[in-house]
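Pasting a structure here, questions to come.
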Amino acid sequence: MAGFSQESSSLLICVLILAVAGFTSLGLRFYIRITRRAWGPDDWCTAYAAIPFMVQTISGVLAAYYGIGQRIAGLSPLDLKNALMWWNIFAFSYPNSMVPIKLGISFQLYRVAVARKGYLYAIYGIMISSFLTLLTGFIFQLIQCKPIQFNWDKTIPGGYCYDPIMYAIVSYVVCAINIATDCLCAFLPIPLLWNVRMSRRKKISVGVLLSMGALSCSAAIIRIKYTISLADTTDFTLNVVTLSCLAYAEPAIGYFAANLATLRPLLKIVLKERSTNDTNSLGLITVTGSRHDRSNFSQLRDVETEGMKSGNKNSRSFLEDQTPRVLEQGEVSASVNSPMSINKAKSH
């Protein structure tokens, strides 16, 4: 009967926790990019990814409610039909979520790798292979059974499905290429930032943010094991739960990591507010510099913004100095404490 069993509840909890993290980080990303007027192609990709990701979220919850996680023998024919229908929608949404998410991450890496051809070629390879591979998997899912409704309703007269071995082969190939692109997205920031001129602390923070995709890569690797074992199962609705959790975790973690990498300005605002509150609680006054200092800082900020907009490929040192800002699209310091801060910024 319809409802959440112990096994299906694990899928429900997995989906809800990751969905909250993903959509909350998305809202914060939109806030940062819109308020700073720094909307870019990676933001369009992320915005589009929200649609299939939402479909995957809703279908995952409904699949768990109607019977995914329960034994087939304990489900009524109607519940089994609904469970399989929503699970197939869940599966169809996976490649539609992964493609724009990977494209968005690639565009983020592109901002750092501009004028460095070797890395640009690697990013182009990630984008093209991800798109073609996931598109192939999606098309095969659509044509695996004819009519498509036969995936969840075996009572349709004249319906048939291709040999499961073909589906397994396509799944393995798609998974293998998907893992390779996931790992490239996760670890490419490490050599990319290796020779960039910035403080070690900034290198570590930016690298960690960009490399959080390693968790998504791990989910894809583990998922292969359950994809292989699922081919021999006789109780699909019960044994597909772990695979479903991993299939949702992979895009969700990638989505969260892509959004998190843009939130450094928000973190600075929070830390600044906390610092201001602590200072005020002690009865201290913070001197932010003269009007002349702030004017110089505004001019410096305008020069930096123009440089970022022009995309001058002949100035590698400028791009390297601005790497954290390029990642955040328009990030500038919230305050200037003294004329020395301006002189230090100019020297870079």
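Residue numbering: from 1, along the chain as shown.
Cβ atoms here come from the backbone N, Cα and C positions, even for glycine.
Keep in mind the model is a prediction, meaning the values are calculated, not measured.
According to TrEMBL, the feature compositional bias 'Polar residues' maps to 332-341. According to TrEMBL, the domain 'Rhodopsin' annotation covers 28-268. The region 'Disordered' annotation in TrEMBL covers 303-324, 329-348. Annotation source TrEMBL lists transmembrane segment at 12-32, 44-66, 86-107, 119-144, 164-194, 206-224, 236-258.
Tell me what's around each of these sites.
Among residues of the same chain six or more beyond the transmembrane segment (86-107), those with a C-beta under 8 A of the stretch's C-beta atoms are 40-43, 45-46, 48-49, 52-53, 55-56, 59-60, 62-63, 66, 68, 123, 126-127, 130-131, 134-135, 137-138, 141-142, 151-152, 178, 181-182, 185, 213, 237, 240, 244, 247-248, 250-251, 254-255, 257-258.
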So which of 12-32, 44-66, 119-144, 164-194 is most in touch with the transmembrane segment (236-258), counting Cβ pairs under 8 Å?
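Most contacts with the transmembrane segment (236-258): 12-32.
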